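Inspection log for the structure reproduced underneath, given as structure tokens.
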Amino acid sequence: MSLEVEHPGGSESPNRLSLKRHDSLFGDAEKVSGGKYHGSEGSWVRTLHLAFQSVGIIYGDIGTSPLYVYSSTFPDGIKYNDDLLGVLSLIIYTLIIIPMLKYVFIVLYANDNGDGGTFALYSLISRYAKIRLIPNQQAEDAMVSHYTIEAPNSQLRRAQWFKQKLESSKVAKIVLFTLTILGTSMVMGDGTLTPAISVLSAVSGIREKAPSLTQTEVVWISVAILFMLFSVQRFGTDKVGYTFAPIISVWFLLIAGIGMYNLVVHDIGVLRAFNPWYIVQYFKRNGKDGWVSLGGIILCVTGTEGMFADLGHFNIRAVQISFNGILFPSVVLCYIGQAAYLRKFPEDVADTFYRSIPGPMFWPTFIVAIFAAIIASQAMLSGAFAILSKALSLGCLPRVRVIHTSKKYEGQVYIPEVNFMMGMASIIVTIVFRTTTSIGNAYGICVVSTFSITTHLVTVVMLLIWKKHIVFVLLFYVVFACTELIYLSSILSKFIQGGYLPFCFSLVLMTLMATWHYVHVKRYWYELDHIVPTNEMTTLLEKNDVRRIPGVGLLYTELVQGIPPVFPRLIKKIPSVHSVFLFMSIKHLPIPHVIPGERFIFRQVGPREHRMFRCVARYGYSDSLEEPKEFAGFLVDRLKMFIQEEIAFAQNDTVPEAQARARRSTTSVVHSEEAIESRVSSHSGRITLNANQTAEEEKLLIDREVERGVVYLMGEANVSAGPKSSVLKKVVVNYIYTFLRKNLTEGHRALAIPKDQLLKVGITYEI
């Protein structure tokens, strides 16, 4: 029943050395049963429904790439006609290697019980190895992580060796965490730049029929559309997806049909591009210019990460069906058709898509293109919301309200504050950059950086969790990491022409996330160092002459052990405690979901007559918090069940003693065996009856106190750097963290606490 609490760095204060878990709650808070979650299983009918919906959510971005890929690849025009065959071959094989082979057939399987994205990978790894910087790992984690024990073999030994190296290296932990928040920052950059480039490229087509329109007017039309796009996010992915799915399906039919038309009419010979030898000839012919052009070619796979980040909205089979059956053939046909058109009209490369449309089809295609561009933006926004909701649960960002927009499908979320900031950033980028070429330079860096980060994290998963043979791991890493490195080197050559934007954006977001997480960890350890042991509760109450007042009190704390330091401060200033009092912890486990039946765990604090409890409410990082009334009702029901179980447990301990006493007193007077058993049975019956009466009285008392009112108490911690801290630490803690805490965090809203039932207790921590 005891568990040492160790500092991850190895150095421990005297207080930590003697600190033990005073009950099993510390470990039990990690225990949940396995389950099948959204994204892993489902009927074929549901899978086909999700496949249809996925068309409207995750393929808008990659599906609208034909609007700008050729113009970005040939910004100075086409020098050699055969260059089109080399570029088309590069586009085809890039689509096969990165989205199809890497993501659809490998990366999607590295999901965390149905959830995808950078944070899901980090969370998955953190369950198999103690890599998280916040100290919430216990020995009981093995019950959650399903780390199967296998017969010794080279793969298992290598996985164990790799695990030990990760756990013992602080540098490795920091590198993995940095990669994770960098990946998140890049997805956020995608979510900001995708709407700008997609909408602007679609709207630019109107100048084909209205040449009098200036670029400034095109920009302002785009801004109006962007404003509308970010305004409808609050309706949720579910509604937006089913609205957009038919439109994007029509888009894919149109681009496939136009591609087929251009192929037949202009030059069917471009099908030779399936021969990769044209790639070699292209680089021989163009040298450095060919390498630089890769920055435009990579835009053909923009939005690929959205397939993984949005996996929580769908499932693997749904994504595989929709990608291989709809997306890939449609997009490839479109690129082939454009290449065939450009073989005959190379001077139209600056606006290939709209120039290649047959006359009668222009306006229908233009209108659908506008909607498709909006859908492209939706793809990355959905992924950004999903990945940030996970970041919140892992303590990397301040608590903000995450709204779950679908009761039918889990993982579909909307974050108002994030939506506002991304919308504002996207509009500013559109106004400042004005053209798709400039935005594309920035966009490519976000795309390839995210690919590379995912490759490295999935490699860790293959070594640590999948335990694949080293040949397969090396093959995966070398093929995909090298491919992405080549593309990244090309894009970085355009750093000054707009490539700096995502770096600046990511640097700011990473700084904010790293700052919040750093102080979050420091604050956790401060509270752990200053807790009051549970067995000192009676002394603490008597010392402060605390009186009990009507109602139920819930004091929120991040610790699941001991009495948080804010409680002694509270009773010192206000020496009164509610008749029923709970130390409430909301704990996010590194798994997507916890079933409702295992949501709450209770422990008694002090003697039973104190009616003080500690409760841990356990959630997965993709779970939503209940509404206040629902939460309170569920909590009270579970508390009454716990009290009944505790009294029954105490009775089971008491009955054997009573039976022994009854036997001793009876055998000294009466020698009949029946008389002895009769008296023993009578004693047992009275104890059981008394226990039942006590349990009912306790439950009635709790109901009565709930009717008198529930008060939520929260510690309002003001964290400051110590006087001997470095200048950097003082800036990080006293300014950046304080700014975030005052302007972004709304703990009571994130925890669904009614404002009129909230009492905040101020406390200052010096770290």
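Cβ atoms are placed via backbone N, Cα and C, with glycine included.
Here the structure is a predicted model, which means the values were calculated and not measured.
TrEMBL annotations:
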- 50-538: domain 'K+ potassium transporter integral membrane' (DOMAIN)
- 84-110: transmembrane segment (TRANSMEM)
- 174-198: transmembrane segment (TRANSMEM)
- 218-236: transmembrane segment (TRANSMEM)
- 248-271: transmembrane segment (TRANSMEM)
- 291-309: transmembrane segment (TRANSMEM)
- 321-341: transmembrane segment (TRANSMEM)
- 361-392: transmembrane segment (TRANSMEM)
- 413-436: transmembrane segment (TRANSMEM)
- 442-465: transmembrane segment (TRANSMEM)
- 470-488: transmembrane segment (TRANSMEM)
- 500-519: transmembrane segment (TRANSMEM)
- 550-767: domain 'K+ potassium transporter C-terminal' (DOMAIN)
Checklist entry - Where, among 84-110, 174-198, 413-436, 442-465, do we find the most CB pairs under 8 A to the transmembrane segment (500-519)? => result 174-198
Checklist outcome for this item: The predicted model's mean pLDDT over the domain 'K+ potassium transporter C-terminal' (550-767) is 75
Item to check | Which of 174-198, 218-236, 413-436 contacts the transmembrane segment (291-309) most, counting Cβ pairs under 8 Å | outcome: 174-198
Checklist entry - Would the transmembrane segment (218-236) and the transmembrane segment (174-198) count as touching if the test is at least 3 Cβ pairs under 8 Å, pairs 6 or more apart? => result yes
Checklist entry - Any chance the transmembrane segment (361-392) and the transmembrane segment (413-436) are in contact, meaning at least three CB pairs closer than 8 A with a sequence separation of 6+? => result yes
Checklist entry - How about the transmembrane segment (413-436) and the transmembrane segment (174-198): at least 3 CB pairs under 8 Å, pairs 6 or more apart in sequence, or not? => result yes
